[in-house]
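Peer 1: Quick one: this structure, given as structure tokens, is what I'll be asking you about.
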């Protein structure tokens, strides 16, 4: 059968070997293809790698250095699954990687070996072991899940396939096994079918199987089918079958009938068997592929054989489904990847004609929508229709292939059938079937809708449209529009009937949707027409529509001017304004005219709108002078000012202050320069100073800083406007500190009569010049003196003020100033009045009027300076009578009394208010005794002592000092440096103290003597007072003082005083005696007062006699005394005696000291007795803890156990630690066991060498430190089994791993350490450090295992660390592997070259070389290969060709003399057109005399020294080489040299071609002459033909005629004549066409002018626009005509004229 007519086409998609894959790896175990997207090939030599081929770009395979036993690419994504057998075990390590993300997704270590695996879905891997099947999902962290166990029939089978249905409810496992003994070459197939829901398996014989889905008629749900093939030998007979059965049929629903068909194997293929089955869901075909390349094709529904053929001469071992094309891929042993697809053009004819199975042909065509069955389908339809089987006919038409029956004719046929009463119309049956099957086409939708519309069932249409059952069209929309506009719009939109959609939106006035829709579908409507339409119906909508147009991408489709004129022509000023305001928002320069237009329009019609526009500041590019003029005319003077730029214009407008808002005018002045602003202000003052003064003042206030305050002041002064000056400066007064401003303001206020303001400023301001202001006010002689009073009062001019007021007879202001303004300055006023000889009566009256408000002291001073003090007598007495307590009042009065000698003693002793120092000082020179009285009254110690010393009044001084009882005063008078001390002491002893009856005075005196260190005098005094039965004999203080003084001054009297006196303070005096080292006296005092504790302390601490203390304690029998004795004994080390004393004292307070001391001397027996006593009184943890420790020291372990089980407060943890530290391990073991402290118990057990128990305790403790301690102890004790148990729990901690390793290594236990690390690999918590440390140990002690370890666990190793170790240990191969894994390709390459005997491997080096970053390594690699592996250098250079500098490589090889060695490389890279490569290759070709390659090289690559090359070979002995030389000359443009060389070698053809290409007429004619001279007639004719364009006709004819060669020149002459006649004809034709074109152009120009004139007549009525410089008319007005003036716009009589904008009228459109 011809391949073109075969129903199945085969083509080669690619060949694996062409991609560099070795033939030996094209096997079932090395190649996997899980889908039509990827092929994965596993290579094992020259190095382990995995090649991934993307079927969308098969020529770019991805090769990765990966070691694995199997590799599978995910069916959908770039996810790779790897499987590797763990050496020395039957376990497989599974890993899943995401290639794009370069990340590991999952990994798992299978407990048993995986014999087969496969992606059964994009998320699920099926894993088959010897006994079971598992599913492993790539999602999450889950482990493989066991699905079922393999049945017995698959035992010993090779698993070749595993599949599941789409719902993952049915699973099938297929394997093959050797055949029966009588025919072993016939492979036996076995299958296990498993139901997930039922958890049941069924064993069958089958070689291949697959699941499929099929829709059974009458069943809503698709049926799940399984198809499988069998080939069995029964009683010597071969039986081959295909079976198709349904799985999980639903009861009560139509099911699929079981089908079976024979597989026919030709005799030559008797032992062949199916290896794969693929089912095409697109066509419903089953493909069965056999090992020897046979293909069987069956129909899924009927199991009918469709086709059989051999598709591959080589065995096929792998297939994959190709669902997009309805075929499959197959891979054979040759490496071909074949694609089998259905030949859609031939399969139906093949089935109908070759197989004569019309029904199958129709079903296939219908199912696959295939051509070729049109006649059959139509014939069948006619038959059904004639048989009145309209339902069946409708079904057939609905499913007809390629819709051949879904035509208007079919609809007409159904329409023609009459409707039987009570039955459904066949036409409706037909449409119902179509709706059930799918979507109606355009015609069907239209006809059905017509029926529905006629029946007014609009809701059906809505439902069908919602379900997308109807094909929308413009006609359908027109039909529906008659009943529902909204539904019609939806149909128009779906049908993309854009004009109808736009029209519908316009009808609905949804103009915004028009633009949105047009943009979405890329439609450009007639915007101008739409705008005109909307304008007539909805002006505001027109504005909105125009605005939306302006926002379209690419700009507004209608010119803004045109849109504006449309509004203006209809007198829609507001609408035009709204539109322009929106579109002109960007404020662009190109919109200047439009900005001017919108302002002109509104300034003429609606000035307030224009004012608002200008206020917003939207525009900045309009014609400002023009707008300024219009603003002035419209009365918008403020806007005019803002737009005028000439000073004269501004002056003209600014005087219209009556129509200008003042605040705006003030702000306008802020925009002017200083000079212009002052000029305008002057203009305003000149025009109307009174009316404009307020504005000028406001301007000056607002911009005073810019204009200058001085300039403004001068301006006001120039117009003598003190009022303006007053108001202007008033604004600056509060902020200015300039004295001149304040002064001028005061001056202006005074001259304008603002006396109150003058008064306020003089009162509040701090910056006016006081002297100048005072003088100005005095000169002004204001009727109100208050401003002057303020200035003088604030600045100290009170005398001047008083003199001014007195001289000007303004005595009322003097009284007012003194009484109300500042009474404190009254003394200055009084003084000045006295100087001015004012009458005393006025002064006294003035003083009396102020009274208590007057400051008396300065008043007295003023009067006293002028000897007028008595003037104040009446005033002072009046104050005293009013109850004044002012000290100055009484001082002055006292001075007056002393001077008048009016009973001064009485005043000094009875007056409590005067200042004793002042009055006493005043009396010293007049009467010292009066001074003493004054000083005594005020306790003026220093002054009194001085005056009494000066006047020898010692008796008075002694009495005063004793009575005063002031220590500081005593200290001063008893100072040894006081020359009068002796006299004072005598008076104190003889007079003052005997007179005193006050004990405190006595006490103070005694203390003063003591302080003055006069002990002897004090003792005599005290003996007289205390011992001689005086009033103070029984005074305890004096007794204490006597004893203490004796202790200090005379110790011999102390014991006598102790015995004679009874009222002293015994405890205190006793302590003082102890301090004075009078121990016996102190003991006597304490004993006398029954202070036994203090007494025994004296014996113990001071006298240091423990025996006396024990005797004393036994006598008094007090616990406290025994306690003190016990403490002393404890301090002296008498532990037993001390403990006995403490027991007698029943004292537990000193247990800390007792414990410390007893422990120090190991008196544990005594300590136990003491602690048992203490426990009865004290509940302290330390007591119980120390008791346990004491028991341990006495080895009383039973007591310890008994103690800890009873209630106690012992800190057992601390006690246990202490016992452990004290090496009391048995006792510590008891404690740690009791408190369950397993960590410390483990440490204790280690010390006791109970290692097994220590491990058990460490397990309970589960602490890294404990595990480590026990581990180290076990290592030292050579208990390696236990050490490993501990070590496994330590090494999972990253921080402790290194310490464990060093411990083992330091003791030389390398094997045990390696064993420990190897065991740690399988731990769940195994981390990178374990893998790295094991690698380090392998490198140091077991290098033979290192590489295997690296390959298995490279992803879990700390590569940099292991790199250092391998470098140190010189494991070069492993080091290279690590460098590659760590992407350090430079180091990898360098290592392989430096240590090539061990590390170098060619394929690996190539892979590494292309990834290095250091370019120099490329050239080192070239040298390396040149020296060691020259036969492989071309392979290396081919890999590096894209990275190396070819010139440098050629130079290296040339210097080495091995250039021919790299010829293949140079040929491969010559495409880069490198000069060095080209020259090297060309030289090799010359040496090899390979002229063909040389010429090919010259043609393709021109980058070399052509002239040198030509000169070298033009004398070559080989003709072809010389010919190449001529060719080079020709390429280099050396035409003459090339022609000469060709003529020399009689290569005339080359010579002629060279001349033709040179374009040199002289050279061509010279060659022609050469041929004539040589008599080469044929060459002559050939040269004329070849050089036709160069040779002149006259030269050719002349040479031919002269040498008898005319016959050879005739062809040339004929061609020449034809060419020139054609040229003449073309010239004539061109001239005629040019003439016609000129006439046509002139006519078009005339038409344009005429049309322009017509448009000029139709211009809209408008007033002329303002003239624009350089323009006589505006665009669009035709011919640049000037715009005629118009009286106004139509429809708006009386409106001011508007400018013409050059827009044509609506009739122009």
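Note that Cβ sites are derived from N, Cα and C of the backbone, with glycine treated the same way.
All annotation found in TrEMBL is predicted automatically rather than curated by experts.
Summarising the annotation, TrEMBL assigns domain 'Clathrin heavy chain linker core motif' to 344-366. The repeat 'CHCR' annotation in TrEMBL covers 551-697, 700-842, 847-986, 993-1138, 1142-1283, 1288-1434, 1437-1580. According to TrEMBL, the feature coiled coil maps to 1617-1652.
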Peer 1: Please average pLDDT over the repeat 'CHCR' (1437-1580) for the predicted structure.
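Peer 2: Average per-residue pLDDT within the repeat 'CHCR' (1437-1580): 87.
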Peer 1: In the domain 'Clathrin heavy chain linker core motif' (344-366), how many residues does DSSP put in helix, strand and coil?
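Peer 2: Its residues fall into 17 helix, 0 strand, 6 coil.
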Peer 1: According to DSSP, how is the repeat 'CHCR' (551-697) divided among helix, strand and coil residues?
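Peer 2: With helix first, then strand, then coil, the repeat 'CHCR' (551-697) has 108 helix, 0 strand, 39 coil.
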Peer 1: Over the span of the repeat 'CHCR' (847-986), count residues by DSSP class, listing helix, strand and coil in order.
Peer 2: 105 helix, 0 strand, 35 coil
Peer 1: For the repeat 'CHCR' (993-1138), give the DSSP counts of helix residues, strand residues and coil residues.
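Peer 2: DSSP composition of the repeat 'CHCR' (993-1138): 111 helix, 0 strand, 35 coil.
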Peer 1: Mind checking how the repeat 'CHCR' (700-842) divides into helix, strand and coil residues in DSSP?
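Peer 2: DSSP classes over the repeat 'CHCR' (700-842) add up to 110 helix, 0 strand, 33 coil.
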